[in-house]
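Down below is the structure, laid out as structure tokens.
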């Protein structure tokens, strides 16, 4: 019987497609399982990272189907984004055409892997019907005040000519094209994710144990909650006139260090700095230096050498009443706190570095509880206050509270909570995205489009050159009438950040296609299917997508669309696929084409290798020889199935009548079955299950009992079906009419040991081991132990004989 993967795989893929084999039931009384791998961007070809992501999800989905669960395992396309525009420029093809052609090709590639997707619920986020509901949500958020517009310094990518969210700037560079990002001030739209900062933080506790600790820690750090003191520093009289205001707010998490303040520092974008520039109170050289700082993004600034400029302004210390110089510094960020810091160089490394560079005073006011204070560096740990007025002698923790209380009692400050998390900048100056459904009217201001006019669709007659925003340049598209007054108006020409689309796509899947024109999703569907039971994707999405999706879910809950707080119950973050120790990439020339692997070895080989080579959460090193090894195992597994016979039910086997080798073979088979439940539902260590199945097949070799072979294949095709489905469907169809594709029961007798191994010790020292029947008597055990320990007990008097059942025999001798 020859193994022909091409014929077998084509046969079953055709059958699955014809029978819509993987569509979920609309039977909401059944136990459900929602398995979702993060949907792909339709770049044109799948890569090995896709193969890994979707094979993991497919294995889990197939397992739960066999247990009788109602499984939702959908696929779709994260279809908007800059690569389509870049392709339009490079290949002179419309983004829409490029995108949908890529989707068609990639769908065939994924289907060729035998992935059990619900294609009836498939969509692309660039479909107008998807945009319609997204725009409806955006209008709701605008009306609620959750979407707003303001002028802001934003991250600008000079190459892509668009704005980037903070999360899309990686080490000072654009996350897509790697161009250095600069700062630019323009009118932008923001979603008020900060309104949900505390809930996003607190609800991370609900995910503990089900999400990787690393992802939870990354989100917690990104949200960045800190408690401290907020107070106003007032200018002296001369400085107030120059600055145009009486002072500015500062926030500190270390109020215990307030007596050590020797200067204050403002962000280059601070209103005071702006006022000095606009009123021409700074030299051209100073303005140029500040502009250079402003053009650097936050990460570049913080990593760069500390730079500053004295503004010839002074504020009054709120407690000592001393004059404190005011500087502008590149390490102060406008978006954190108030954009101003009280600098305590003695107790902050960053402030210390800056003070040393510019020869500013350093005043120590906290010392360690034990040991000497080292004044050659900043002492940043808690300690005992000194030279701090009435707060001297207190420990840092107590001093913090007392100083906050003093400020509050005297009306000069207050306890405050700050977050590093900033509002989500969602507008992009690009063509290929969801149009923002707002209209600019000269009389009425910004007005949302009427919902009955949705979706606002993109014009197709555009020329994409890479310069500016094609919607802004279009001669007619933006011209419209105001929904409020009926007068002439213009459409908003910005489009939405593509992370908006991926913030709710998992909800769309819950509702069958036939309802999509009427609703974004039905509540009865989300009540049943949500949250996603198992979500699978790369850890690179820990902050970006996963935080936004959590936020969006909470907003949609508050808008009345859903009844849940968190979208993803469990999260598995798979590792990257490497070749020659590096991440696969075209630029490195180390990619492997999945299509070629499938054509040469078959989809089941690709699936088996990808799940066997490493645990899902770890990086996977590509190995041609391991791929060949996976193929050989499947071929052997298929061809040896002829040793089993056809049956519609599991053979009845009398354990007592079997030989030792037959018992061992059964034991290996049932050990693999025992392991499978944990692997498919908790640990996802598919490599260990595959190894156990290989051991079981090896144990079956050499057996002549057809019952043992048949039972072995009944179990093994069940266990391996989620991993190598085509091969297992073919074997099971031929032998068992697929009656074994159900939840199998363990046979406890098969796992029982006939014998036990006992350690033999003489006077407590281990000398040997014996194997005895499980039900051996004490006398039989001692006889065998004495025989093997003969040379250590001969000629000596046995004083005591101890048998510890299942563990050891100890013989005590003297003489």
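Just so you know, the numbers here start at 1 and follow the chain as drawn.
Backbone N, Cα and C define each Cβ position, glycine as well.
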Can you check which of 578-582, 583-587, 588-592 Swiss-Prot lists as motif ''KMSKS' region'?
583-587
I'm validating the feature mapping. Which of 7-17, 18-28, 29-39, 40-50 is tagged motif ''HIGH' region' in Swiss-Prot?
40-50
Where does the mean pLDDT land for the motif ''HIGH' region' (40-50)?
94
In the same chain, which residue numbers or ranges, 6 or more beyond the ends of the motif ''HIGH' region' (40-50), come under 8 angstroms Cβ to Cβ?
77-79, 81, 83, 99, 102-103, 105-106, 109-110, 124, 538, 576-577, 584, 591-595, 610, 622
For the motif ''KMSKS' region' (583-587), DSSP counts of helix, strand and coil?
0 helix, 1 strand, 4 coil
Just to confirm: which same-chain residues, 6+ apart in sequence, have a Cβ under 8 Å from the Cβ of residue 586 (ATP binding site)?
none
